[in-house]
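Residues or ranges marked as active site, proton donor/acceptor by Swiss-Prot: HIS149. Swiss-Prot lists LYS153 with the feature active site, proton donor, giving sequence analysis as the kind of evidence. The NAD(+) binding site annotation in Swiss-Prot covers GLY13, MET14, ALA15, GLY16, ARG17, MET18, GLY91, THR92, SER93, ALA115, PRO116, ASN117, PHE118, and the record cites sequence analysis as its basis. Residues or ranges marked as (S)-2,3,4,5-tetrahydrodipicolinate binding site in Swiss-Prot: HIS150, GLY159, THR160.
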Amino acid sequence: MSTDRSIRIGIAGMAGRMGSLLVEEAAAQGTVSGGTLRPGSNSPAPVGIPAFADINTLAEASDAVIDFTSASTVQAHARALSKAGTAWILGTSGLSPADEKAVEEIAALVPVVYAPNFAPGVNLVLALAEKMAAALPGNRYDAEIVEMHHRRKIDSPSGTAIGLGRAVAAGRGVMLEEVIESGRHGHVGPRQPGAIGFAALRGGQVVGEHTLLFAADDEHIALTHRAFDRRAFARGAVQAALWVQGKPPGLYSMMDVLGMR
């Protein structure tokens, strides 16, 4: 396509909190082909934006679909987008191993940008986290991740927190699943050497706060990102939808979009 303006961007779940922001950002930077509404939703479609009956028809009408819906829709959306040959910008968190497998399989057929967080600042934090973990040995520096979100958030720890944990684990040359300690309860004994701990807080209207702490006996180092407006995620997702045009099938991340790898 000759210009970004001609790129047709579809929005899955366009009447939700994120969906409405995505419509605004996509309309400013490209062409909104339309969107879907959550089944049973009483929220009206944004004015002037076509509402499609299902993900299949939206995929057929779009060059890229931005999807921040829910983990329960991932496998059905993967099938629809692969059939239509449409790029997928996926920001849904809380995916199961089966969901992640579906994402990997569709990436062999269409380009997929999958990220725990589309805010540029968070992705810089992820890159720094891996470098810091490589430089700060786990036998001296305990790694702890604390995140807080609004009271309605369903999954815990957040996708971004898990992404931070994976970055720390990669920097230390281990698998996160082997060293994760999430939500300690009661008397659990001393902290295990090399563990990566998680604590999740929920309350109020917090958009998203994440802190990675490296704690040694003689110093503490903290890396924090605070999101004050969901628009940061929406802008990043639309940036990814524009960037992915013309890319071959594959599984990409926001790091690729930002040219950080």
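Cβ coordinates are placed from backbone N, Cα and C, and glycine is handled just like the others.
For PRO116 (NAD(+) binding site) paired with LYS153 (active site, proton donor), the C-alpha to C-alpha distance reads 14 Å. A simple way to gauge crowding: the CB of PHE118 (NAD(+) binding site) has 25 other CB atoms within 10 angstroms, across all the protein chains here.
The Cβ of SER93 has fewer other Cβ atoms within 10 Å than any other of the binding-site residues SER93, THR160. Figure note: comparing Cβ neighbours within 10 Å for the recorded positions HIS150, LYS153, the maximum is reached by LYS153. Every protein chain shown contributes to the tally, and the Cβ of ARG17 (NAD(+) binding site) ends up with 14 other Cβ atoms within 10 Å. For SER93 (NAD(+) binding site), the recorded positions whose C-alpha atoms fall inside a 10 Å radius of its own C-alpha are THR160, out of HIS149, HIS150, THR160.
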